[in-house]
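Novice: Below: one structure in structure tokens.
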């Protein structure tokens, strides 16, 4: 049975569904959520999933976002008297899943909270009231009766340090919270249409799970010790039932590829201080676009200094988030270990975390410079609440760092192509275009020549977009942009401008005549023609995305003029 409330003005709804024996999903549907965490440019909203399991005793797995407080508790109390709930299982303490824990404990103070040791510690700081607790370790079990025996899997860093999975042996359902989820809002409970959801599934992995690929593989190994998993009840998006093996297999493949990366960058910061998590995640997103592996270390957690020393030694680059000035001795010890383990061949980037009490950034930056490290991007200084542009700046800074540490590899790859084949590929020619895009307050642009019409009905074309281009994150499925066509004999000024290497966060359109298209993207005043377009699909082509888009509007400024053509002599670069 599925029940769905009427959609409110803000398009926040609650859906309940019986998903297995004695098991009800309570899904908080946020239809218009256009951003989540950092770089999720959502087109399809998101959901926050909670689950009620009734054995001889009753357990609730996770709660919801605080914005759903009234809707969630109206729904929960319609299903059960909260005082009848025996256990609240906390998958992790991120506010979008635990935002209503304090309210629930006030309604039902006899509930026993079940979670990892770290989760219980975090929760004490969130609820500020005594509560019953049960700390679980990997392999521990909780018997609700009537066959509902829960087994717990410790899965740290997916994507919070306190994460656990919970497996119900009776229904063979694995509750994973963020892992295997996606930001996709639909009243279709399960993964029935894989083709529709897989772009969001992949993008979610890239943003949140990819930077913790080793932790993903560890969790998958522990999952392998469980009996067959029939369903994965995720914290976001549709539940996995029809494609469990396929989608867990993709996680394994993607994570194995990440850990095989020839180069890696260490990202070090104090989680849950200021905006550190969000800023670090944006930088990580930029790094991973370059194909570089990432090792994330929370300096606020227990850190083995020998392991830290070894990690720093094998990294080709480092990112440091400024810690609180009054930070614990363990954090200062970890920073001293990092400084004592670096070498002059490495690159470094530093960002303020905006916690209001950051250590000064310049003394630490000077120490790294004095040790001979290259500064890969200008220090990121946070003087006010970060905006979309701040996070875009962070992403671009991460990409700059990733490109710096892979520069030798890129040159080697260019030289590896046979001379004859290189020259033959160079005879493939294309027009010259500028892609412009704008989403919210963030805008970007890219010079392109790999553009080809792909269909008549609908009118569509393909563009090859390198994965490490700044504009790539603005060209997800559903995003809109403008294709500006450059004119033969009049393309040099625009081409020279957009070929410049822009600093992270720089305005690509400064000094360029533009006007806004209906979709908000800039139309270049000196372009020969323009087309307004929407991304329909993307195909992974190694170091590029082949982006197929449809065209719904366009104009030509000079009917007799021709498109500028880019003639190459070799095929190993643009």
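Any Cβ shown, glycine's included, is placed from N, Cα and C.
What you are looking at is a predicted structure, and each value in this text was computed from that prediction instead of being measured.
According to Swiss-Prot, the protein has these features:
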{"type": "BINDING", "residues": "92, 94, 159, 178", "note": "Fe cation 1 binding site"}
{"type": "BINDING", "residues": "96, 178, 236", "note": "Fe cation 2 binding site"}
{"type": "DOMAIN", "residues": "265-409", "note": "domain 'Flavodoxin-like'"}
{"type": "REGION", "residues": "43-236", "note": "region 'Zinc metallo-hydrolase'"}
{"type": "REGION", "residues": "410-574", "note": "region 'Flavodoxin-reductase-like'"}
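Mind running through what each feature is packed against?
Specialist: Taking the Cβ of residue 94 (Fe cation 1 binding site) as reference, residues of its chain lying under 8 Å away and at least six apart in sequence are, in sequence order, 160, 178.
Residue 236 (Fe cation 2 binding site) carries neither a helix nor a strand DSSP state and counts as coil. Other Cβ atoms within 10 Å of the Cβ of residue 236 (Fe cation 2 binding site) number 25 in total over all chains.
Confidence in the domain 'Flavodoxin-like' (265-409), given as mean pLDDT, stands at 91.
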Novice: By DSSP, how many residues in the domain 'Flavodoxin-like' (265-409) are helix, how many strand, and how many coil?
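Specialist: Secondary-structure breakdown of the domain 'Flavodoxin-like' (265-409): 67 helix, 26 strand, 52 coil.
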Novice: Residues other than 92, 94, 159, 178 within 8 Å, Cβ to Cβ centroid, of the Fe cation 1 site?
Specialist: 91, 97, 158, 160, 163, 177, 208, 235
Novice: Helix, strand or coil at residue 96 (Fe cation 2 binding site), per DSSP?
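Specialist: Reduced to three states, the DSSP call for residue 96 (Fe cation 2 binding site) is helix.
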Novice: What number of additional C-beta atoms lies within 10 angstroms of the C-beta atom of residue 159 (Fe cation 1 binding site)?
Specialist: 24
Novice: Write down the Cα-Cα distance for residue 92 (Fe cation 1 binding site) and residue 236 (Fe cation 2 binding site), rounded and given in Å.
Specialist: 13
